[in-house]
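Engineer: What follows is a single structure, and I will ask about it in a moment.
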Amino acid sequence: METKSSTSLPAKKLRQPIVCVLGHVDHGKTTLLDIIRGTAVANKEPGGITQRIAATTVDINKILKATEKLNNKGMKIPGLLFIDTPGHVAFSNMRARGGALADIAVLVIDINEGIMPQTVESIDILKKFKTPFIIAANKIDLIPFFTDVKTNLFTEFIRKQRQEYVNELDARIYNIVNKLYEYGLNSDRFDRISDFTKTIAIVPVSAKKNIGVPEILMVLAGLAQRFLESEIEYKDINGHATIIEVRREESAGIALDAVLYQGTISVGDTVAVNTKTGPVTTKVKALFVNTGKSQRSLKEVETVSAAEGIRVLISDKLDVISGSPLIVVKGNMEQVMKEIEEASKVDIPLDENGIYVKAEAIGSLEAISYELNKQGIKIRAAAVGDITKRDVMDVQTLQDPLNRIIIGFNVSILPEAKDAIESSDVGVITGDIIYKIVEDTQKWIEERKKQLSQKRKEAMPVPAKIRILPQYIFRASKPVIVGIRVETGQIKVGDNLIRSDGKYAGTIKSIRNDEVSVRYQDAPAEVAVAIDNVTLNRQIFPDDVLYVDIPESVVKELRKAPMEKEIMDTLEEIIKIKRKENPFWGTKV
């Protein structure tokens with residue numbers, strides 16, 4: 001770690017644009033970031049203060065050198081600040097005054113796999129925050145007919161490829177173009193675009209072979225400078241940052257990795273942060289930035305100006321929430337605390353008839369809730385933090401069993417909560433991939449519906465329709481024994497039957513399926529039944545259609561129950577039969 005120094009306010013009008021990288025798992029986000037940074041991230045770092053801040057600056061000199069063979073004249077930005085926490089959920093957690101922290105984004109797509117579930121989630125998030133982005137079409141080295149060329153420039157690389165390779169590349173690019181068009185987005189290869197305000201740039205790259213990265217830097221810098229000048233104008237105000245990771249260092253206490261996106265922060269400043277108990281103030285004990293010499297080297301500084309990735313050591317052991325703001329207080333305490341409170345509000349539509357959601361940060365909470373809502377899954381309550389015993393107890397009391405589930409995104413289940421879950425019927429789904437959690441939640445709901453449907457069938461008469469099979473008449477009375485086809489619903493021993501005119505048609509005494517006695521039978525099936533209290537060819541006849549008699553007292557409940565359409569249609573047929581005699585049948589509470 002180097003000795004203390006001070007970074008002065010930038011003389012330039014523009015600050016560094018903040019760039020976030022998103023994409024589907026295994027499409028090459030981390031490898032691309034490693035190439036851009038010019039260094040690989042260490043798998044494990046020694047104790048003490050972790051020697052890495054989750055944001056990296058690529059200064060203008062490095063960009064100019066990488067793009068010197070391209071038309072890089074007139075660059076005014078001081079560099080690019082890349083967020084080293086890739087992914088659409090991390091993007092959601094990075095806020096700046098209600099909008100996205102990132103000024104621009106890179107969406108990484110495996111050119112051979114195309115658009116995948118997490119790609120779609122990333123597109124949705126980018127559209128939601130109205131964040132401009134480019135596409136890095138990665139893994140062009142895996143396309144057939146690839147020829148290795150010693151150059152980092154895509155424009156040089158493509159000129160030295162066989163026509164077969166060029167054709168294969170274009171086919172894959174236009175597959176992405178066509179898919180993006182389905183999401184309302186126009187796109188094309190970057191060197192074929194005349195108006196970048198209307199068309200998303202696709203830059204073919206190979207992170208593995210280090211091809212196309214200069215073009216990515218060139219396009220990012222050009223777009224930011226040309227179209228985002230007002231957003232990246234430096235403002236000399238009290239420091240505003242977004243916390244992207246909270247570290248509890250044994251040797252140093254609480255360390256906050258953050259992105260300073262406006263203003264200045266200094267050692268000794270009073271800063272406001274949000275905790276699980278609300279906004280509080282604390283003192284800046286020390287500040288660190290990356291040295292730029294290596295990914296594991298930090299420099300301690302007295303002052304930092306935007307935009308920069310910083311590590312802030314604070315003087316108090318606070319339960320700070322990741323994704324929340326950090327604001328320097330300069331005699332404006334009330335205003336800052338209000339700003340912290342407003343920025344920390346969860347923007348999720350809630351519904352009493354919904355489920356519980358927990359996540360590690362506000363943005364994650366909104367991201368998972370957004371995807372659940374898209375699938376018609378309503379949210380009753382959403383909160384930051386691990387799953388607790390209190391959460392389980394609250395969910396257990398919900399009236400609707402379909403809502404007795406807790407979704408946990410990037411959180412743990414506390415030991416006391418695990419014990420409570422085991423003794424309850426509360427479902428818990430946890431994970432760190434949104435689309436997988438959504439899929440698992442949908443499966444859980446469908447399975448719970450089936451369980452509830454079966455319980456209801458066992459507890460009360462189920463609307464059912466049967467037909468007597470004239471070729472299977474075994475006994476005419478005491479009891480009638482006939483073969484029947486269960487056409488809809490479920491019949492049970494003890495069910496009363498009615499005819500299509502509403503007249504009583506006996507009571508099911510027993511059911512046999514392949515010589516085995518059963519208590520109930522679901523449709524569709526052909527079984528033998530014994531029917532008490534009727535005589536064949538008097539009250540019932542071969543080829544008759546009969547219905548299970550439904551008590552009027554359960555009609556309203558059955559109409560609200562989650563049952564198959566065929567069963568609900570049969571219930572309506574029974575109601576129609578009953579109302580021939582009583583027009584108001586089934587309307588009582």
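Positions of Cβ are set from backbone N, Cα and C atoms, glycine also.
So Swiss-Prot says this about it:
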| type | residues | note |
| --- | --- | --- |
| BINDING | 23-30, 84-88, 138-141 | GTP binding site |
| DOMAIN | 14-231 | domain 'tr-type G' |
| REGION | 23-30 | region 'G1' |
| REGION | 48-52 | region 'G2' |
| REGION | 84-87 | region 'G3' |
| REGION | 138-141 | region 'G4' |
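Each of the listed features needs to be described in terms of its position in the shown structure.
Structural biologist: Following the DSSP three-state reduction, the secondary structure of Ile140 (GTP binding site) is helix.
Under 8 Å from some Cβ of the region 'G1' (23-30) lie the Cβ atoms of residues 41, 86-87, 107-110, 113, 116-119, 122, 136, 138-139, 207-208, 433, all in the same chain and six or more residues away from its ends.
Across all of the region 'G4' (138-141), the predicted model scores a mean pLDDT of 96.
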Engineer: Under a three-state reading of DSSP, tell me whether Lys29 (GTP binding site) is helix, strand or coil.
Structural biologist: helix
